[in-house]
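I have placed the structure first, in the form of structure tokens, so that the comments after it can refer back to it.
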Amino acid sequence: DILAAFRVTPQPGVPPEEAGAAVAAESSTGTWTTVWTDGLTNLDRYKGRCYRXXRVIGEKDQFIAYVAYPLDLFEEGSVTNMFTSIVGNVFGFKALRXLRLEDLRIPPAYVKTFQGPPHGIQVERDKLNKYGRPLLGCTIKPKLGLSAKNYGRAVYECLRGGLDFTKDDENVNSQPFMRWRDRFLFCAEAIYKAQAETGEIKGHYLNATAGTCEDMNKRAVFARELGVPIVMHDYLTGGFTANTSLAHYCRDNGLLLHIHRAMHAVIDRQKSHGMHFRVLAKALRMSGGDHIHAGTVVGKLEGEREITLGFVDLLRDDLVEQDRSRGIYFTQDWVSLPGVLPVASGGIHVWHMPALTEIFGDDSVLQFGGGTLGHPWGNAPGAVANRVALEACVQARNEGRDLAREGNEIIREACKWSPELAAACEVWKEIRFEFKPVDTLDPDEKK
């Protein structure tokens, strides 16, 4: 069975057992009345069952309802069908004030019907010939308004300065100021020139997201013809059907696939209603993507540390044990489905490098947009500053130093032999994003 954990807030007077049963029925075989065609099938075989309800400590009107869905309810290899069944209609149920899908347990038999990421972590490292450290990226800013040639120039400066990747922002598609084909051509030129100068393999996340699947595929085909290593997709606004199709194309044609989660906070940010990002992360691993944005913990975007580390493990690891202290409701066995690199991006700069290296580890992508392009000396020095800071943190960690305790000291030491890093540290020494997260663990989940 597929197991689901729902946070249920029923209307006053609706008992938890009745609300849980209603969720199970509405998201499987049930309707609002008895129908004569019920007698034409075996409902016991197909109906969802609420097998447990547990109150949320500290919330008098909330409880967690655990629901089991028989596998025969779902089309093989279709995230679209899975979500249409489990969350498609029940969230508008009048008997509930709020409903949130906290987690899913996907059984191995169903996982095996998905291709998953086009390539996975190890294949990506082998393609790029880069090991033993996080990968470095940068989102080109301003995200909108640049001409294709100026955009390509910014890409080149960042890549030659030491970054592994640059990136289209999520809303860069094919606008009047920069059509997609022109952008692809100038970015490919920048990649090849930077590779020739540095001797390293470089990439730019060319956003293939489009208004139709046909246009999306056309852009991916052109990227392959240019010989670039990676394309990008906005998987929530683009949709799971389009994403899975693109992932299959990328595997067949040797392209890596970067995934942006634009629109996720509309779905996952409120604690009492919607869907937790760990569910969206699991769905992406099944649908297919080699990278996905996962918050930063320390930057400008929402993300509590333990919760973030929980879904980062769900993206990368083969087996993740149940751990309520990190918000993981079920043990998840991925049965060797390739892993996804989490991407830390959003309001981060060189002073965050020790914390990011310690939190996310080697199998991650650290992306500094403003933290590269905002360098007072230009894009290439900004890239140099980030690369020096990363190499210093990785070396210090490998020497046994504590990045959490000695991080600032490690960065200051590196500043002595890198004027680019010293300038970056001076610019961003006062920047903080100290706001309490909205989505936090429940009291009974914390150790």
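The backbone N, Cα and C atoms fix where each Cβ goes, glycine too.
Among the candidates H204, H293, the one that Swiss-Prot lists alongside N89, T139, K143, R261, S345 as binding substrate is H293. According to DSSP, D169 (Mg(2+) binding site) is assigned to coil rather than to any helix or strand. Excluding K167, D169, E170 themselves, the residues of that chain whose CB lies within 8 A of the CB mean position for the Mg(2+) site are, in sequence, T139, I140, K143, D168, N171, V172, Y205, N207, M232, H260. Taking the Cα atom of each, K167 (Mg(2+) binding site) and H260 (active site, proton acceptor) are about 10 angstrom apart. Looking only at Cα atoms, H293 (substrate binding site) sits nearest to H260 among the recorded positions K141, D169, E170, H260. Of all the recorded positions listed here (K143, K167, H260, R261, H293), it is K143 whose C-beta has the fewest other C-beta atoms within 10 angstroms. Across the residues the record lists as binding substrate (N89, T139, K143, R261, H293, S345), the two Cα atoms farthest apart are 37 Å from each other. Long-range Cβ proximity for K141 (active site, proton acceptor), meaning a same-chain Cβ under 8 A and a gap of 6 or more residues, is found for D169, G369, G370, L373.
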